[in-house]
Amino acid sequence: MDPPAVVAESVSSLTIADAFIAAGESSAPTPPRPALPRRFICSFPDCSANYSKAWKLDAHLCKHTGERPFVCDYEGCGKAFIRDYHLSRHILTHTGEKPFVCAANGCDQKFNTKSNLKKHFERKHENQQKQYICSFEDCKKTFKKHQQLKIHQCQHTNEPLFKCTQEGCGKHFASPSKLKRHAKAHEGYVCQKGCSFVAKTWTELLKHVRETHKEEILCEVCRKTFKRKDYLKQHMKTHAPERDVCRCPREGCGRTYTTVFNLQSHILSFHEESRPFVCEHAGCGKTFAMKQSLTRHAVVHDPDKKKMKLKVKKSREKRSLASHLSGYIPPKRKQGQGLSLCQNGESPNCVEDKMLSTVAVLTLG
């Protein structure tokens, strides 16, 4: 083997790696060094975070930008998430699906995520005897979770467990999740649409984008525009070559509608001549059969007025679709009173059943 001086001379004219290769040529061949694991490094200033997976870096970058690219498209929801996995887990709250079943003997509990199933199994079936005991004198209280013990011990020390580190704040919280939620009040969510708006919550940012940066959705058939995708989806039914429609059951009418609401409105206003909802705007006086129609009309006089969301009314005696459309209202029965039969032996509900056959669902060619 060459003396160390040879190595020094080689270093002066070559790179360090080449020098050591040259110095070791006369010795036994060395095995190749294992490749270092690839790291994905955050490019934001003053941030040294790095990850072994690209998706982990993508999720981390969202913390800098405030972006949540995975949005729930269920009507009326609009929640957004950093990872597609979080969105998939959230969608299960809409569907009610719980695909993960506990395999422990005698336990049939179901969960919407694998992690929740794992936590349940560890807590209920594996660590039944494991207890976290308070070490303070004359206490000895026990807890199933370590975090519960830590929160309890704050009562002894009178020190906040999770404290906000923002200068001038000093608020403290009982759990890390509540502290994390509070931290967003300091950081905020920056609007990415070219304005300087900063929201305190993600929901507030979504509301700002919807109201300030409205993006009209265009119908490719008739060029009509809509504010929401579900409005466009409903509108596209009018262009479909075949569609389900509701036909007016009144004799000699034959009018058809694409929604039950419009059919009900037609029967009340045209056949029953019932339009009890009057516009109170000065000089207007228009009347409507349905309260929702009046609410929509009111926007004509006050464009800045938001359309009211329909509230779910308290449950009341159910009526069939036929009774709504025909105008027939079955008589109320006292509690515990049995059904009285018609002269032909049929119950009063048979009138509704017969009416139902007149509400036709047609297919337009």
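The backbone N, Cα and C atoms fix where each Cβ goes, and this holds for glycine too.
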(message) I'm validating the feature mapping. Which of 12-37, 246-271 is tagged zinc finger in Swiss-Prot?
(response) 246-271
(request) May I ask for the residues of the chain that lie six or more residues beyond the zinc finger (189-213) and have a Cβ under 8 Å from a Cβ within it? (result) 65-68, 78, 80
